[in-house]
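Shown next, in structure tokens, is the structure this report addresses.
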Amino acid sequence: YTLLCYKTPSPINAETCPPGENLCYTKMWCDAWCSSRGKVIELGCAATCPSKKPYEEVTCCSTDKCNPHPKQRPG
């Protein structure tokens, strides 16, 4: 069984994760344009949940397409 996760960069599509990567993650942080563009959002697959840096928000999940882009409706 291989998991489907959404991946950035755009266009954001659900892609099959490589064997051994059984988590989808969403990582968000602010860059220099945060006030005008909002947070930078990175989506992808992982074998283990990425460690969170102090300025990041990281969430992980383990079901197909469970990491849609926060600003997009799951399609």
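Numbers here mean position along the shown chain, with the first residue as 1.
Glycine too: its Cβ is placed from the backbone N, Cα and C atoms.
For Cys34, the cysteine that Swiss-Prot lists as its disulphide partner among Cys24, Cys30 is Cys30. Cys49 is paired in Swiss-Prot with Cys60, the candidate among Cys60, Cys61 named as its disulfide partner. Spatially close to Cys17 (disulfide bond) yet at least six residues away along the chain are Thr2, Leu3, Leu4, Cys5, Cys24, Cys45, judged by Cβ distances under 8 angstroms.
Under 8 Å, Cβ to Cβ, and six or more positions away along its own chain, Cys60 (disulfide bond) finds Leu23, Cys24, Tyr25, Thr26, Ala46, Cys49, Pro50. For the disulfide-bonded residues shown (Cys5, Cys34, Cys49), fewest C-beta neighbours within 10 angstroms: Cys34.
For the pair Cys61 (disulfide bond) and Cys30 (disulfide bond), the C-alpha distance works out to 22 angstrom. In sequence order, Lys39, Val40, Tyr55 are the residues near Cys30 (disulfide bond), counting only same-chain partners six or more apart with C-beta under 8 A.
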